[in-house]
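Undergrad: Sharing the record's features from TrEMBL:
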DOMAIN    39-74  domain 'EF-hand'
BINDING   Asp52, Asp54, Ser56, Phe58, Glu63  Ca(2+) 1 binding site
BINDING   Asp91, Asp93, Asp95, Lys97  Ca(2+) 2 binding site
Amino acid sequence: MPITDVLAASDISTAINACKAKDSFSPKTFFATVGLSKKSPPEIEKVFKMLDQDKSGFIEQDELQLFLQNFSKGARALTAAETKAFLMAGDMDGDGKIGWEGWYLKYADIL
């Protein structure tokens with residue numbers, strides 16, 4: 001399933017363009033811009049599952065580094081600092097990965 005089945009292509013484009021510069025990525029800003037705040041929990045979970053490339057039930061560091069490319073093939077990779085900050089923000093139990101529940105709870109205020 002393409003991510004555009006859940007999120008509008010125009011919102012994705014706007015979000016990608018807003019974080020083109022190195023070290024400009026903010027998860028909360030990105031999620032709000034792509035329109036996740038307008039989606040139901042099941043729709044948000046679909047997006048999470050699309051981002052979980054290895055289908056482990058978690059988003060790990062290597063998947064986070066390529067996070068933007070899940071939304072747009074030509075998007076840049078996150079920098080090491082952005083990846084680390086994103087992981088630290090969403091890793092609720094300190095296991096080095098982000099699970100669905102932790103991800104949803106962390107960003108629930110904008111989702």
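A Cβ is built for glycine as well, from the same backbone N, Cα and C atoms used for every other residue.
Owing to the predicted nature of the structure, the values given are computational and were not obtained by experimental measurement.
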Undergrad: Round to a whole number and give the Cα-to-Cα distance in Å for the pair Asp95 (Ca(2+) 2 binding site) and Glu63 (Ca(2+) 1 binding site).
TA: 15
Undergrad: Quick one: of the binding-site residues Asp91, Asp93, Lys97, which has its CA closest to the CA of Ser56 (Ca(2+) 1 binding site)?
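TA: Closest recorded candidate to Ser56 (Ca(2+) 1 binding site) by Cα: Lys97.
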Undergrad: Counting only residues 6+ apart in the same chain, whose Cβ is under 8 Å from the Cβ of Asp93 (Ca(2+) 2 binding site)?
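TA: In sequence order, the residues whose Cβ lies under 8 Å from that of Asp93 (Ca(2+) 2 binding site) (at least 6 apart) are Gly99, Gly102.
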Undergrad: Quick one: give me the count of other CB atoms within 10 A of the CB of Asp95 (Ca(2+) 2 binding site).
TA: 11
Undergrad: Taking only the Cα atoms, work out how far Asp52 (Ca(2+) 1 binding site) lies from Lys97 (Ca(2+) 2 binding site), in Å, as a whole number.
TA: 11
Undergrad: Where Phe58 (Ca(2+) 1 binding site) and Lys97 (Ca(2+) 2 binding site) are concerned, what is their Cα separation in Å, rounded?
TA: 6
Undergrad: Identify, in sequence order, the residues in the chain of Glu63 (Ca(2+) 1 binding site) that are 6 or more apart from it along the sequence and have a CB within less than 8 Å of its CB; answer 'none' if there are none.
TA: Leu51, Asp52, Gln53, Asp54
Undergrad: Given the recorded Ca(2+) 2 site (Asp91, Asp93, Asp95, Lys97), which additional residues of the same chain have their Cβ within 8 Å of the Cβ centre, ordered by sequence?
TA: Phe58, Met92, Gly94, Gly96, Ile98, Gly99, Gly102
Undergrad: To test your reading of the Ca(2+) 1 site: which residues beyond Asp52, Asp54, Ser56, Phe58, Glu63, same chain only, put their Cβ within 8 Å of the Cβ centroid of those residues?
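TA: Nearby residues not in the site list: Leu51, Gln53, Lys55, Gly57, Ile59, Glu60, Lys97.
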Undergrad: Among the binding-site residues Asp52, Asp54, Phe58, Asp91, which residue has the fewest other Cβ atoms within 10 Å of its own Cβ?
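TA: Sparsest of the binding-site residues Asp52, Asp54, Phe58, Asp91 by Cβ contacts within 10 Å: Asp54.
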